[in-house]
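Trainee: Dumping what Swiss-Prot says about this protein:
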- 1-17: topological domain 'Cytoplasmic' (TOPO_DOM)
- 18-38: transmembrane segment (TRANSMEM)
- 39-549: topological domain 'Extracellular' (TOPO_DOM)
- 74-107: region 'Disordered' (REGION)
- ASN130: N-linked glycosylation site (CARBOHYD)
- 137-195: domain 'Collagen-like 1' (DOMAIN)
- 137-276: region 'Disordered' (REGION)
- ASN156: N-linked glycosylation site (CARBOHYD)
- 196-222: domain 'Collagen-like 2' (DOMAIN)
- 200-210: compositional bias 'Low complexity' (COMPBIAS)
- 213-222: compositional bias 'Basic and acidic residues' (COMPBIAS)
- 260-269: compositional bias 'Polar residues' (COMPBIAS)
- 296-543: domain 'Olfactomedin-like' (DOMAIN)
- ASN326: N-linked glycosylation site (CARBOHYD)
- ASN354: N-linked glycosylation site (CARBOHYD)
- ASN375: N-linked glycosylation site (CARBOHYD)
- ASN461: N-linked glycosylation site (CARBOHYD)
Amino acid sequence: MTRAAERGQGATGWGLRGALMAVALLSVLNAVGTVFVLYQWRELSAALRALEAQHGQEQREDSALRAFLAELSRAPARVPEPPQDPMSAARNKRSHGGEPASHIRAESQDMMMMMTYSMVPIRVMIDLCNSTQGICLTGPPGPPGPPGAGGLPGHNGSDGQPGLQGPKGEKGAVGKRGKMGLPGATGNPGEKGEKGDAGELGLPGNEGPPGQKGDKGDKGDVSNDVLLTGAKGDQGPPGPPGPPGPPGPPGSRRAKGPRQPNSFTNQCPGETCVIPNDDTLVGRADEKVNERHSPQTEPMITSIGNPAQVLKVKETFGTWLRESANRSDDRIWVTEHFSGIMVKEFEDLPALLNSSFTLLHLPHYFHGCGHAVYNNSLYYHKGGSNTIVRFEFGKETPQTLKLEDALYFDRKYLFANSKTYFNIAVDEKGLWIIYASSVDGSSILVAQLDERTFSVLRHINTTYPKSKAGNAFIAQGILYVTDTKDTRVTFAFDLLRGKQINANFGLRMSQSVLAMLSYNMRDQHLYSWEDGHLMLYPVHFSSTAPSQR
């Protein structure tokens with residue numbers, strides 16, 4: 001305990017010593033600062049007294065000079081006397097004996113003024129020269145001063161005269177091809193060219209209307225030959241047996257009993273048949289139906305080949321079309337979006353790839369992605385109506401056809417994936433329209449058209465619900481329907497026989513939006529518009545008879 005107490009007392013003593021030393025150091029610094037401040041104060045006081053003395057001396061000199069100048073300004077001005085002759089001057093010298101004294105005073109005054117001026121500050125001299133006139137004489141001009149700082153830039157001057165044209169420059173690089181301009185004026189007809197080679201044999205045309213009855217011909221000459229009727233001869237021997245006849249149509253199956261075949265009838269269940277306006281078409285339509293119901297089998301699609309991409313555009317919806325009938329017509333037509341009034345016409349495939357086109361203005365707005373081109377005419381759905389428009393290229397007046405009881409409003413699309421109410425199709429058997437009925441609102445129907453009169457020959461009800469369909473196309477008189485994802489063909493219907501047939505094959509692997517799907521009989525390819533990708537699919541047919549359900 002004693003050692004701990006000693007250690008505590010020692011620590012306390014060292015702390016007190018340190019505090020005392022700090023206080024002493026502060027006191028010393030304070031004293032030194034006080035002495036330094038007093039020294040500075042003394043120096044500043046001496047400088048202030050010197051400045052006050054100098055200022056007082058300047059004031060005294062200034063007041064003395066001002067008094068002298070005031071006295072000088074009150075002195076009378078000396079007027080110069082006219083020159084005198086020598087005799088007068090002599091008399092004046094004799095009569096004015098005291099003049100030399102005044103001359104001496106003037107010299108002394110001048111000397112005093114010079115001495116006074118030499119003691120005057122420059123500022124006072126400047127004030128004196130400015131306030132009085134005649135005392136300060138103007139000296140010679142001084143040397144020129146240094147150049148001043150540059151001034152602000154002036155205003156822009158007016159344009160000068162155009163210079164001479166320079167030499168022609170070097171030829172630049174070839175620029176990008178510009179857009180096609182407006183059509184120019186019609187030029188003069190050129191010279192008649194040589195006759196070209198004969199083209200390929202085209203498809204047979206449609207049967208023309210019967211001609212007018214001709215005039216009665218002239219009466220023929222009287223024949224001089226006399227034909228006598230002979231007696232009836234004996235019966236000849238029997239001939240050899242003839243070749244076997246063609247097989248008859250298949251009979252109906254009656255084993256299943258309850259199930260009825262889905263055959264076509266003229267009643268059009270759930271739909272009103274359109275009767276052609278021309279009475280002569282009734283017999284002709286029956287002939288065509290009987291013709292196409294012949295026992296000859298139509299080829300059926302068995303598979304779809306690998307696709308080839310033609311072009312990529314930015315629009316999700318659209319159609320690209322080629323002429324189906326005329327093989328020599330290489331034009332391509334493109335509609336962008338599922339609604340519009342403009343059509344792009346390309347001269348050929350290279351023009352499509354180079355985006356070189358001509359804009360065509362349609363007479364009515366189109367809707368959907370189910371258009372078709374057939375015999376130089378564009379077939380499309382007139383937006384907001386149940387009307388199909390036939391617009392012949394190069395003509396201004398279109399033709400229209402109404403489909404009664406067809407869905408065309410309230411977004412109850414035939415194919416929701418492509419925003420389409422009507423899908424026009426062209427194949428080897430003619431012109432078709434795929435649509436949905438507004439009576440039941442669920443089944444897919446097909447109307448067969450007479451292309452010559454632009455009228456409906458008959459309506460075919462496939463009884464297949466449109467809710468299960470993604471898109472559809474027609475080839476060789478058979479309707480093919482895809483699933484809702486547009487990846488497989490899951491339904492087929494023979495439109496010529498009015499019966500469903502077995503079909504199930506893959507279409508594509510992509511899950512993109514399939515806005516357009518159309519068969520072209522010209523090259524037997526499927527044309528599609530898939531989320532801006534313009535694609536081509538080769539079609540493979542089978543010649544065997546399709547199995548029916």
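Using N, Cα and C of the backbone, Cβ positions are placed for all residues, glycine too.
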Trainee: Among ASN130, ASN156, ASN326, ASN375, ASN461, these being the glycosylation sites, pick the one whose CA is nearest to that of ASN354 (N-linked glycosylation site).
Mentor: ASN326
Trainee: Which has the fewest other Cβ atoms within 10 Å: ASN130, ASN156, ASN375, the glycosylation sites listed?
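Mentor: It is ASN156 that, of the glycosylation sites ASN130, ASN156, ASN375, has the fewest other Cβ atoms within 10 Å.
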Trainee: Measuring Cα to Cα, how many Å separate ASN461 (N-linked glycosylation site) from ASN375 (N-linked glycosylation site)?
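Mentor: Pair distance, Cα basis, whole Å: 27 Å.
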Trainee: Could you say which of the glycosylation sites ASN326, ASN354 has its Cβ with the most other Cβ atoms inside 10 Å?
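Mentor: Answer by Cβ density within 10 Å: ASN326.
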Trainee: As a quick check of your reading of DSSP, tell me how many residues in the domain 'Collagen-like 1' (137-195) are helical, how many are strand and how many are coil.
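Mentor: DSSP composition of the domain 'Collagen-like 1' (137-195): 0 helix, 0 strand, 59 coil.
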Trainee: If I take the Cα of ASN156 (N-linked glycosylation site) as reference, which of the glycosylation sites ASN130, ASN326, ASN375 has the closest Cα?
Mentor: ASN130
Trainee: According to DSSP, folded down to helix, strand and coil, what is ASN326 (N-linked glycosylation site)?
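Mentor: Coil, per DSSP.
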Trainee: What whole-number Å value do you get for the CA-CA distance of ASN130 (N-linked glycosylation site) and ASN326 (N-linked glycosylation site)?
Mentor: 111
Trainee: So if I draw a 10 Å sphere around the Cβ of ASN461 (N-linked glycosylation site), how many other Cβ atoms end up inside it?
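Mentor: Taking every protein chain into account, the count is 21.
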Trainee: At the level of the C-alpha atoms, what whole-angstrom distance separates ASN326 (N-linked glycosylation site) and ASN375 (N-linked glycosylation site)?
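Mentor: Cα-Cα, rounded: 7 Å.
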